[in-house]
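First comes the structure, then the notes that go with it.
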Amino acid sequence: MHTFRFSTLLTLSVVLALSACQKNNDSARKSVNSQAAASQEFVRETQAPKPDGTVGMLLPDFTQLVAREGSSVVNIQAVNDAKESELSAESDPFSEFFKRFNNPDDESSNNNGNFGSGVIISADGYVITNAHVIKGMTEIKVALNDKREYPAKLIGSDEKSDIALLKIAASDLPVAKIGSPSELKSGEWVAAIGAPFGFDNSVTAGIVSAKNRTLPNENYMPFIQTDVAINPGNSGGPLFNLKGQVVGINSQIYSRSGGFMGISFAIPIDVAMNVVEQLKSTGKVERGQLGVVIQELSYDLAKSFGLDKPAGALVAKVSPNSPAEKAGLEVGDIIRSVNGEAVRSSSDLPMTISTIRPGDEVKLGICRKGETLEITAKLVSQSEQQSAQIEPEESYRSDRVTAFTFPAAGLTISVRTNNSDEPELVISRVQGIAAKLGLRRGDVIVRVGEQAVRSQEEFDAAVRQAGNQIPLLINRSGDAFFTVLNVE
């Protein structure tokens, strides 16, 4: 009797427990699925949830994205009716690897016509594409997804950002949704729609490989790097996130062969829209300038400046009469933020400053000699700053030269007096540690640590104070930079 009752209770308990587990599994499955649906609109589940309620694998399904957003993507055909082209081949050696497709400056390009892609950003006919797609072209046509074709008017083009704005005479057009590149994460799925090699409405997909990439001669652009297949004809087309929002404009690739090799670069859409607004209102783009030469903080440099980790932009030179000089910025300052936005590396600074218009004020958070300060600078235009940076070349009087050595680093340093009667410390021989570091004959030592040096006595005193890690500010043919000598 007791045994039967115990067995019955045990069986009932097991049944209830299994039922509770099943309910928990159902609840967990619903929670996971609802979270996935909320964060990624076009994701489908390809593997059933595991017994513990977690989802095994999620892969993207781009069919809905293409169906909803594909009509906002257009083909661009640009024709040059000119009989002769004055365009010449690029001399930049990096153009061998970083390809802006259909670049008229490329010898392999056909200057009689280009083709590319674009994206509609307003119902009344504004279209974004790449500047290099329409550069040098006299006639531009836009073909819609439904095969309608329109002649396009060039509203404006900005070569530095590689963005061009077109206008077609149409209404009630499908408009792409604009996303936020700042929310993108490495590893996130993205998709491109365009017309590679003229095959319109082609969809390729991949992941975000990295953000805020800088390329040679592209100091103002925080590129989105992806592994999405991009080929000639994709230029100017949109890069979508899984919510169907445009997060970038496809621009160029890295290639040793001339074709896609798994590394593509897109212009963040917020940068593109900033350019578009200026092109709409004035037909040109103005970028603010601060008037500094900056460099990346290495681990050794950061340590020599008393920082725990390398973060920020190190000021190597302040241009005369610049906003930086007027605001009190000094060589050796480390810029950590702009208007409260963190500057994590030196490449962040020009990207951030270039999005701010001349005449606007910026608040700079800086680190100076271990202290945190905030200063305000009023930006000027690039043309104004360039005229302020013109400096006469200095010459030296050969009859006023003395020399001394710094054996621990393998340096022979000459004290030369220029025609302005100002002594300077010029490296005249390089060996040992200094040679391995990349110092050269003719480099001028401007500072040691936080001390300006113009004599052997000042140099020796500053070296003793610096210890084993000696930060040097070097001027090389007008270009200033910091480096660190590690001596024993």
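Any Cβ shown, glycine's included, is placed from N, Cα and C.
All annotation found in TrEMBL is predicted automatically rather than curated by experts.
According to its DSSP assignment, H132 (active site, charge relay system) is helical. Just so you know, the Cβ of H132 (active site, charge relay system) picks up 25 other Cβ atoms within 10 Å once every protein chain is counted. As annotated by TrEMBL, active site, charge relay system applies to H132 (among others).
According to TrEMBL, the feature active site, charge relay system maps to D162 (among others). D162 (active site, charge relay system) carries neither a helix nor a strand DSSP state and counts as coil.
Feature annotation from TrEMBL assigns active site, charge relay system to S235 (among others). DSSP classifies S235 (active site, charge relay system) as coil under the three-state reduction.
Note on N234 (substrate binding site): other Cβ atoms within 10 Å of its Cβ, all shown chains, come to 30. Taken from TrEMBL, the feature substrate binding site applies to H132, D162, G233, N234, S235.
Under the heading domain 'PDZ', TrEMBL lists 279-370 (among others).
Positions annotated as domain 'PDZ' by TrEMBL: 410-478 (among others).
In this structure the residues listed as binding substrate are H132, D162, G233, N234, S235; their two most distant Cα atoms lie 15 Å apart. Each residue in the domain 'PDZ' (410-478) has a pLDDT score, and their mean in this model is 89.
If you count neighbouring Cβ atoms within 10 Å for each of the recorded positions D162, G233, S235, the highest count belongs to S235.
H132 (active site, charge relay system) is 9 Å away from S235 (active site, charge relay system) when you measure Cα to Cα.
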